[in-house]
Amino acid sequence: METIRNFVKNEIVLVVAFVLAVVSSFVVHPDNKYIDYIDFRTLSILLALMITMAGLQRLQVFRQIGELLVSKMNSIRGVVLVLIGLCFFSAMFITNDVALLTFVPFSIVTLSISNRKDLFIIVIVLETIAANLGSMLTPLGNPQNLYLYSLAGMSLGAFIKLMLPYSVVALALLVLCGFVFVKAAPVVLAEKHIYERSKRDKNMIAMYVFTFLVSILVVARALDYKIGLVIVVVLTLIFDRRVLRKPDYSLLFTFIFLFIFIGNIKRIPALSDAIGSFLQINEVGVSIFLSQFISNVPAAILCSGFTNHVDKLIIGTNLGGLGTLIASMASLISFKQYGYIDGADKKKYMGVFTVANIIFLIVMSLIYILL
């Protein structure tokens, strides 16, 4: 019983998605149309990217890059700006989840060594915002981008052009926060860690760089997604099979259950018309609102079934990642990492997190209105 309770607690989004899919199947009975609900292209790209990122993370490639950049700084402000920048820019390519899983623990260690534990909360909060907003620039940045990009059928250039104004403003605001909240005091860092890599590790890094490029080709529609997934899985299975245990398979099943739920709802005319009418009031506003309560990935999948304005959903679900702690599930990663610190003040963290997110959400929403 305790195991079930813990599973539900840890995978609440998956459980809710499963329940919705099952309940809706009593109204729209399973048939051969169910298979058409599922976006296998998005699922394949997600799995390929998760495998690749898990491999590179296991080899500590991202951490090594972070340590190299931080070691160049001679002030705590410079260190903090680099840490925020690492989350912002890396999230564009390795996803916001992986960016936070990699650099939040690294930041905690770095600030501890620098005797600046007073900066834990503000730095982790800004890193979380940076990862969520940095990830919005590319289809690779987060799961909802990947799904909506695939659904829209737009070019990679068109996607980046759509989100670039928001990314530029977000970066400027993050840098401003770094200057406002962190004084330019001298800093003493530990000696740089020397990474001694075996020939096998170097070969593994090369392999995962290759699988990342394969994923890029699939995203850019230059390579069929089925071929891309086979390449990634087969290479990993042969050379580094333990990594296949690392991907977040619960996310993939969450997508599948939500696809089934939305597919069924679309076949119930009364519900479909009501949701469509509500969404047409303001796609961006509605998707931001829904994200605050169900997270932006489910919001993207839910809303996508009832509007053709996918570009509005891309904007709305990315901005909707700001706000509450569950607006973006990636934010929970940072919160959990902070909670592991001795003497962590979770109440204070939530206060700073909420205020900062609301400010960023207001600014980003104003940019949308002005554009």
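Glycine is treated like the rest: Cβ placed from N, Cα and C.
Copied from TrEMBL, the annotated features are:
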type: DOMAIN; residues: 15-302; note: domain 'Citrate transporter-like'
type: TRANSMEM; residues: 12-28; note: transmembrane segment
type: TRANSMEM; residues: 40-59; note: transmembrane segment
type: TRANSMEM; residues: 80-113; note: transmembrane segment
type: TRANSMEM; residues: 119-139; note: transmembrane segment
type: TRANSMEM; residues: 170-191; note: transmembrane segment
type: TRANSMEM; residues: 203-221; note: transmembrane segment
type: TRANSMEM; residues: 227-244; note: transmembrane segment
type: TRANSMEM; residues: 251-268; note: transmembrane segment
type: TRANSMEM; residues: 288-307; note: transmembrane segment
type: TRANSMEM; residues: 319-338; note: transmembrane segment
type: TRANSMEM; residues: 350-370; note: transmembrane segment
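Relative to the transmembrane segment (12-28), the listed stretch 251-268 leads the set 40-59, 80-113, 119-139, 203-221, 251-268 in CB pairs under 8 A. Between the transmembrane segment (319-338) and the listed ranges 40-59, 80-113, 170-191, 203-221, the one holding the most Cβ pairs under 8 Å is 80-113. Using a Cβ-Cβ cut-off under 8 Å and counting only residues 6 or more beyond its ends in the same chain, the transmembrane segment (251-268) has close neighbours at 13-14, 17-18, 20-21, 24-25, 27-28, 33-34, 36-39, 42-43, 46-47, 50, 143, 147, 275, 297-298, 301-302, 304-306. Confidence for the domain 'Citrate transporter-like' (15-302), expressed as mean pLDDT, is 92.
As a quick check, the transmembrane segment (170-191) and the transmembrane segment (227-244) miss the bar of 3 or more Cβ pairs under 8 A, pairs 6 or more apart, so the two do not touch.
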